Amino acid sequence: VRVQEGVEDSGKYPIVVSTWPFLEAVRAAWEAVDKGFNAVDAVVEGCSACEQLRCDGTAFNSLIDMNLAVTVGPGGSPDENGETTIDALLMNGATMEVGAVASMRYVKDGIKAARLVMQHTKHTMLVGERASIFAISMGLPGPTNLSSSESMEKWTRWKENNCQPNFRKNVVPVDSCGPYQPKDNLGHNKGICSEANSIGTIESRTCLVGPHSHDTISMAVIDKMGHVAVGTSTNGATFKISGRVGDGPIAGSAAYADDGVGACGATGDGDIMMRFLPCYQVVESMRQGMEPELAAKDAISRIARKFPDFMGAVVAINKDGVHAGACHGWTFQYSVRSPDMDDVKVFTVLP
């Protein structure tokens, strides 16, 4: 972990912002950056704490049914095969370097693996089992079973419910666990949550995506030098099709940072949100002079116009430390720690 030398406190920095009331994660990032760690390493500290704690002991789970409590890191959302995999991203807003892993198996430290991609490769993203091999070769522990008794129990109940709901569409059989084949007749979609109709609109995905069906931390840090970094870690959507990659490891979608402007973090229905790169949009809007609140609302509204039933949120922070959130389809909360606060403060954003 690198600590910046000879740094003077600007008064408005450092600052840590995170999706959801992941209090311990924000505290870990704040402790690091307040001691003089740079923004990149502080993000790693914060997201890593969330992975280690599985972010299942924070205020977030008071918002949802404890039987459906989500986690970040090992033991989180199972895919169709009952396996937990990890997506993660780290972005340096000073250099615009990005390291990311997607659909990574057997390695629990997603954000640290993303940093290794940034530090020790000329690539941006590694995926699947080969990402795991790389991470282990660079010193991370593994291979490790990322499932837990909770994730396997959730998967078993889903199997007993004929694998419903799921992310399949236009397939047969509809109401069982497969194997699936393409359906010739698109006129019957019993049990399917989302499918384009003849005029191109999309039916509701709310039976698939909500606060209890995914688990993502997206964190931004501005350090004492004013440098910005962002990071994400997620298990992706619960009961996703094996191999699915969502918005978590996609730069510009779940997170984006630029030293000269600020940063953004996002959470929600990643399959929808990644089509719009909402965090890139937020940062670009702020670059053009838009305040964080308007930039966040604008990015969300662009998605809502096309997908009025989607669930998602963004949190924006500009280089002056001004922050705001926007959401659609659910009530969103984000966490902040800044020099004028005694502890982490949680902000609530209404749709």
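Each Cβ is built from the backbone N, Cα and C atoms, and glycine gets one as well.
What TrEMBL records for Thr216 is active site, nucleophile. Sequence-distant contacts of Thr216 (active site, nucleophile), defined by Cβ-Cβ distance under 8 angstroms and a gap of at least six in the same chain, are Thr19, Val72, Thr232, Ser233, Thr234, Gly248, Ala254, Thr267, Gly270.
Annotated substrate binding site per TrEMBL: Arg244, Val245, Gly246, Asp247, Thr267, Gly268, Asp269, Gly270, in sequence order. Residues within less than 8 Å, Cβ to Cβ, of Arg244 (substrate binding site) and separated from it by at least 6 positions along the same chain comprise Asp79, Ser103, Phe167, Gly236, Ala237, Asp271.
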Counting every protein chain present, what is the number of Cβ atoms, excluding its own, within 10 Å of the Cβ of Gly270 (substrate binding site)?
27
Judged by the number of other CB atoms within 10 angstroms, which among Asp247, Asp269 is the least packed of the binding-site residues?
Asp269
Just to be sure I understand the packing, how many Cβ atoms besides its own are within 10 Å of the Cβ of Thr267 (substrate binding site)?
30
